[in-house]
Structures are given as structure tokens and as C-alpha cells.
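Record features, source Swiss-Prot:
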type    : residues                       : note
BINDING : 37, 38, 39, 40, 41, 42, 43, 44 : ATP binding site
DOMAIN  : 5-242                          : domain 'ABC transporter'
């Protein structure tokens, strides 16, 4: 599959601080990549650079074989959609109005169809007339995810496989809706979208991503299939915890030693 997004030697400084240092990354159409790493590793900085919202101090980003800086805001919105970690919820729009913002200049009929489908997918169809600030944090997150799905669908209808960026999309969600959201992202990868998600739940990242990209101290520490990246040594070196890596149906999962000891004690 052809590359949808390619980052070359990306570095970003803020004053004297180096937030990102020489990171390279390529993600193909139909591939889902999870970015993992400790707090302050540069994950959100990398995602903002890949989105075009932030310009690198060094290096370049190519989106669909074109320098991302050469796109107009309208052109960029048609080729990549991003769910940010921090979302302004003070504006008094309804859920339906928020999701409709992703449809751009689509006809009322087409926009309505896309909005209905997205609200059904995130489980908010019954809240469509509710004011966004009256919802819980998790419900607001799902409403904005529905908007992003509509934006992505509109762009891909015109320009082919696009880029879906998710910055800690599950941070406000309960376990069920965490899984629902990541499964929805996984479905988009199945239809050709390139998906890049920052996920703090390591086992969720392992379960759904094709590749894991590990950042540490602003540098690329590892990039590869989950079976190669998820080792006891990597977990210890990057996250500074002692953990055991198990396998279930060929998929690794991580259990910190403290949890393992607690589980063993509970069985005694």
C-alpha cells in the first residue's frame, strides 16, 4: 500500500527545550499505528506535526505525496481529520450541530445521512438535540469523534484514503466506549484509512494496532509489529516498570508485576 503520511527527520524545539529529535515515520493506507510512551515523550507534539497544525524546527512532513505545508486549510481538512486531546466545550451547539460541522459544504441530504450514521456508530443518536455542554466528558468526546468521522468520510469520497489522527481519544471514556472507539478506528483502517492514535492503555494499543511506535525523551525508541516491540525489556526501559508479557491467541498483553502479585495473593 502507498504511504499516506511520511515524516522525515522531524525535530521540534521550544526555546532551549527539544520536544522532538529526529523522528521519522511512514504510515500506509489501511495501516493502524499506535504511538506509546511515557508522559513528556513527545507524542502529542509528533501528532500535531503530522496534522500540519504545528511546523517542525527541522525535517518535513509529506501527506499524500505532497509537503503538508503546501496545503490550504480547506485542502488539508479534506485529507486528514484529527480528534484533539483538549476540546473547547463552551459553545452552545447541539450534538447534531457539532457533528454536522464535519460535513462542510455537502448537500443537506448527504450531510444528514453521514451525521445519522456517525451518531449511530458512537451511540449518541438519542442525544442529537442535547446541548454539548450538558453532556458528560465522555459523551462530548464521542460527539467530537462523530464529527471527525463525518469529516473523514467527506474527504475520502473525493480524495481517496485519508489520515485519521487521534490524540488520547479514550481519556474520558469508560471501558466499553474505549473499546467501541478504537474498534471504530480499526474499521476505518480496514477500508483504507491510515490511522495514527496516541493510546495510554498499552494493552488496548497492542490489541488493535498493526504497529507500535515508541517515543522516549523526544526520540524514536522503537517502531515495529507488536510481537517485536512488546518485550519485558522494552516495558522496563521505557516505562520504568517491571512487567510480564503474556500471549493470548497470538496477541501479547502486559501485566505489571505488582498486579500479578496482587492477583496471586487473591487466589490464596
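Quick reminder: no glycine exception, Cβ is built from N, Cα and C everywhere.
Just so it is clear, the model here is predicted, and its values are computed rather than measured.
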- Message: Other residues near the ATP site, CB within 8 A of the CB centroid of 37, 38, 39, 40, 41, 42, 43, 44?
- Response: 215, 216
- Out of 39, 44, which of the binding-site residues has the smallest number of neighbouring Cβ atoms within 10 Å? 39
- Task: Select the most exposed residue of 38, 42, where exposure means the fewest other Cβ atoms within 10 Å, treating these as the binding-site residues.
- Result: 38
- Using DSSP, would you call residue 43 (ATP binding site) helix, strand or coil? helix
- Secondary-structure category, per DSSP, in which residue 38 (ATP binding site) falls: coil
- Item | Candidate with sparsest Cβ neighbourhood (10 Å radius) among 37, 40, the listed binding-site residues | 40
